[in-house]
Ligand code: FPP
């Protein structure tokens, strides 16, 4: 199906991209893997595994649309409450993902970063992620942030503690503390706030994801389960974003 808003052609890459405003930063809550599998009478982990292919599809769609930053909620602090075998399975997925798709990621000039507490992840997962971060660090296309072992409230508390330490050490002074200053202590320092949040799987909540950063983000909720999410759905979400009027509390 032709996507009507992709009207401009990039002569170098030969791809079409949107004429209107493209969100610089898209954040995604990838929900619905478990239900996708259960609906098919399969164990939940098959849904997570199938979700890996969707990740690479969406990364490529973001590259095509000239999005600059894509942040994917991959494993939350609260996800530790799931049964141990599921947690262990999900935490092995980054390594599997990188083993299969890192060449694709490189070919698309994507730079991988992690937000969250990497040190809490299994050693093999940390190693795979560190390798991906190091080997993509000179890529200057899309920045792909994997939010792993991430929780927004925990991130803010950590930031506050680091800022208090700097206040006590007189590296920062109380009258300098404003939103911009506090943002520098977050995992997302130097990353623009998300312009668009997409949540798949039908739920309409933020689930402790980028609470500070999404104060003025546009939200797009879809019932499509993550393994079924496609380039087409991604472009529809961008199209919906383009129809919004962002006023940031003004008129
Ligand atoms: C939520 O679906 C999904 C997760 C907690 C895991 C997300 C992980 C992936 C999509 C694959 C990992 C990706 C990378 C890049 C390594 P759910 O299990 O809550 O689904 P449900 O609501 O249907 O139960």
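A Cβ is built for glycine as well, from the same backbone N, Cα and C atoms used for every other residue.
Taken verbatim from TrEMBL:
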ACT_SITE  31  active site
ACT_SITE  79  active site, proton acceptor
BINDING   31, 218  Mg(2+) binding site
BINDING   32-36, 44, 48, 76-78, 80, 82, 199, 205-207  substrate binding site
Among 31, 32, 34, 79, 199, please name the recorded positions whose Cβ is nearer than 6 Å to ligand 1.
31, 32, 34, 79
Distance [Cα-Cα, Å, rounded] between residue 80 (substrate binding site) and residue 31 (active site)
16
When the Cα-Cα distance from residue 218 (Mg(2+) binding site) is computed for each of the recorded positions 32, 34, 48, 77, 79, which gives the smallest value?
32
Between the residue listed as 'active site' and residue 48 (substrate binding site): CA-CA distance (Å)
10
Using a 10 Å radius around each Cβ and all protein chains in view, which of these binding-site residues has the most neighbours: 36, 80?
36
To the nearest Å, how far is the Cα of the residue listed as 'active site' from the Cα of residue 206 (substrate binding site)?
11
Of these binding-site residues, 32, 34, which scores lowest on Cβ atoms within 10 Å?
34
What's the CA to CA span in angstrom from residue 206 (substrate binding site) over to the residue listed as 'active site, proton acceptor'?
14
Integer Å distance between the CA atoms belonging to residue 32 (substrate binding site) and the residue listed as 'active site, proton acceptor':
14
